[in-house]
Structure formats: C-alpha cells, structure tokens
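Participant: Structure below; questions to follow.
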Amino acid sequence: MATLLAIKYARGSLEILDQLLLPHRSVYLPLSCTDDGWHAIKKMQVRGAPAIAIVAALALAVELHNSTNTPSSGQEAVKTIHDKLDYLVTSRPTAVNLADAAGKLKAITSAALADDANASPDAIAKAYIDAAEQMLLQDVEDNKAIGRNGAAWICSAASKTADIRVLTHCNTGSLATAGYGTALGIIRSLHAASALSHAYCTETRPYNQGSRLTAYELVHEGIPATLITDNMAASLMSQHPISAIVVGADRVAANGDTANKIGTYQLAILARFFGVKFVVAAPTTSVDLNTPDGTGIKIEQRPGWEVLVVSGPTVTNEPGREDGSVVVNVAEVRSVKPAADGIGVYNPSFDVTPAALIDAIVTENGVVEKNADGVFPMATSFRSDS
Ligand code: MRU
C-alpha cells in the first residue's frame with residue numbers, strides 16, 4: 001500500500017498535503033518561498049514537530065533555488081538565510097525541531113563561508129539546499145529506527161510478541177513527519193511484526209488530529225484500530241486492558257519532561273494509575289538539552305475559535321445510525337458552534353508531562369530508561385552538539 005506523503009519535494013519544488021482538508025480531501029499545496037512555509041505552518045496546513053521543521057527548511061531551499069535575486073556576496077547570502085530562518089522559527093514556538101533545524105542550517109552556511117571567505121552566493125545556497133534535503137531523507141530513516149526500537153521495547157516490557165494493544169494520542173505518523181512516523185511508526189512496526197492486536201487513537205480535540213489524521217492513517221494502513229473521544233481513555237483502560245500508551249513529543253527537556261499535544265499529560269496520569277507503560281517516541285532532534293526542565297518550555301496558545309467551533313463536510317443522511325454510516329458530501333464544508341455564546345476559552349496547544357510519569361524515551365539511537373535514581377540519563381544518552 002502506498003505510504004501517505006505529507007511532503008512532496010524535488011529540487012526547486014515543494015508541495016504539502018493540506019492537513020486542514022484531510023481526511024476527506026487530498027489536496028497538495030505548492031510552497032514556493034519562506035513566507036508560504038511560515039503561513040502553512042502557522043495555519044497548521046502542515047503540523048507535527050518533525051514535519052514543520054522539514055517544511056520550513058525546504059520552503060527556504062526552494063526559494064533559494066528559484067531566486068533570481070542574487071545577493072552581492074557570500075556574506076550577504078549567509079545573512080539573508082539566517083534572517084529567513086529566524087523568521088521561520090517564529091511560526092510555532094513549542095516544537096524544538098524547528099529551532100534545531102534552523103540552528104544546524106545556520107551552522108552549515110556559516111561553515112561554508114568560514115571554509116572559503118570568497119564563497120559565492122550560489123555556493124552558500126547549494127550548501128544550504130544540500131543540508132535541507134538531507135534532513136528530509138534522514139527523518140524517514142530515523143523514524144524507521146524509532147519504530148524498531150520502540151516495538152522491541154514494548155514487546156519486551158509486556159513479555160510477549162503478540163496480542164499487544166496500544167493507545168496513542170494526536171498524530172505522529174507519516175503526516176507529522178517526512179514519512180513512517182514516530183509513535184505511529186512504533187505501531188506500524190508492531191503491526192508489521194504481527195505483534196499488534198489493536199491500536200486505539202484519541203480524537204485529540206480541539207484540532208482533531210486523532211480522528212482526522214491518525215484514524216485516516218490507521219485505516220489506510222489496514223491496522224486494526226478504534227477511535228475514542230478524549231474523555232473515554234480511563235473507561236477504555238479499565239475495560240479493555242492495554243499494553244502501553246505511546247505518544248510523540250514536541251520537545252523533551254534535559255530532565256525528560258516532555259511537551260506534547262494537549263491531553264498527553266492526563267494520559268500519563270492514567271497510565272500510572274492503571275500500571276501501564278508510558279512511552280515517548282521522538283527523534284533526537286526533539287531533545288532539547290538546553291532547556292533544563294518542562295517549566296522552560298514555551299507552550300503555544302491557539303485561538304479560542306478552535307475550541308468553540310467544529311468544522312467538517314456535511315452528511316446527507318442524519319447521523320445516529322448504529323453502524324455509524326453516513327454519506328459524506330466533501331464539497332460542502334460547514335462550521336458549527338456547539339459552545340454557548342460569551343463563554344471564555346482556554347486553548348493551550350500542548351502540555352508538559354513530567355519525566356516522573358514517563359517509562360521510556362525511544363529515539364532512533366535506542367531507548368532511554370530511568371537509572372537507579374529514577375532519573376533519565378539524558379546528558380549521557382544524547383549528543384550535546386545536537
Ligand atoms: O499541534 P500539532 O498537531 O503540530 O501537534 C503535534 C504533536 O503534538 C505531535 O505529537 C508531535 O509533534 C510529534 S509528531 C511526530
């Protein structure tokens with residue numbers, strides 16, 4: 001089965017699958033410059049920590065490749081690239097992958113100039129484009145390694161190689177990355193190894209990444225799966241025991257505190273209550289050793305209308321049939337406002353799960369568990385230059 005592709009890239013051309021229109025319409029949106037990238041990320045037409053970092057990097061790569069406006073020197077080219085990267089980083093603040101990618105790309109272009117003080121603007125642009133393209137390729141490889149590492153850890157923790165049942169939150173799959181996914185990559189790996197009996201995904205209000213995107217990916221891949229609303233997790237776990245909760249990360253602080261989609265924290269509390277393993281899956285680009293703990297992570301506040309309004313295509317037959325079947329009219333999208341007029345809204349896009357509630361952090365390099373003191377040995381487990 002074809003893999004869902006959030007990012008279509010060839011040198012000089014970038015398109016993203018517009019995630020505001022999924023799951024009912026698959027429309028690719030061309031991005032030709034930094035500004036296009038910034039707006040697509042801000043509007044969440046592309047979302048997910050690794051995907052936004054890569055789209056930001058590639059939007060500038062496309063701009064540089066196609067630009068007829070050549071800087072007067074290598075120095076000017078480097079300054080322009082750095083300024084544009086700083087701008088891209090302002091699009092969404094919580095996921096560290098974006099700042100991490102920008103920092104690496106700045107270092108690469110600075111190094112190209114340091115190696116050759118007379119480097120041409122074209123040479124600087126080429127160094128940038130090569131590095132941005134490498135990020136796209138590397139992400140898929142990293143995710144496959146996360147999938148293997150996480151699947152092996154969960155099987156070992158559950159002492160079985162079949163009948164694993166997992167719950168996940170938000171969307172961490174092909175749509176949130178360059179491909180394969182992180183937490184959803186682990187679910188894919190478990191399924192490929194015939195170890196998975198069932199996956200559950202939360203709806204993930206208010207933006208519905210779970211019901212719109214993860215459910216779509218699970219159905220697309222033929223993975224046995226069930227959707228629950230966010231407030232059903234405790235009931236599910238009490239009635240249908242699960243082996244592990246697996247989530248992604250937008251930023252893992254130096255002590256292991258993890259920022260991820262709003263609602264992750266409450267699942268970690270439930271996991272502890274029910275004695276279920278709580279697993280964070282993320283590439284090392286999500287690890288921020290410069291932020292000591294979760295209190296230093298900036299949490300993005302989203303607009304109130306995302307909570308007040310629900311949008312989607314209309315259906316021709318009235319919902320309420322037992323089998324859940326409705327005929328969807330994709331051409332007719334409506335917004336409704338179930339909330340009472342005048343109510344205030346609290347809409348943080350992420351929360352921070354304390355390291356104390358996390359059992360394992362899975363990266364492409366392996367699985368980090370707490371040491372005998374109950375502390376994640378982050379500094380020794382992750383490169384300090386990353
Ligand atoms: O607001 P979003 O949809 O960008 O939030 C996404 C998440 O919280 C994901 O869990 C996280 O970015 C990891 S994606 C591999």
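We number each residue from 1, going along the chain as drawn.
For all residues, glycine too, the Cβ spot is worked out from N, Cα and C.
Small disclaimer: the values here were computed from a predicted structure and weren't measured.
What TrEMBL records for this protein is below:
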type     : residues : note
ACT_SITE : Asp250   : active site, proton donor
SITE     : Cys170   : site 'Transition state stabilizer'
Participant: What's the number of neighbouring CB atoms sitting within 10 A of the CB on the residue listed as 'active site, proton donor'?
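Facilitator: 30, counting other Cβ atoms within 10 Å of the residue listed as 'active site, proton donor'.
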Participant: From the Cα of the residue listed as 'active site, proton donor' across to the Cα of Cys170 (site 'Transition state stabilizer'), what is the distance in angstrom?
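Facilitator: Counting only the Cα atoms, the answer is 12 Å.
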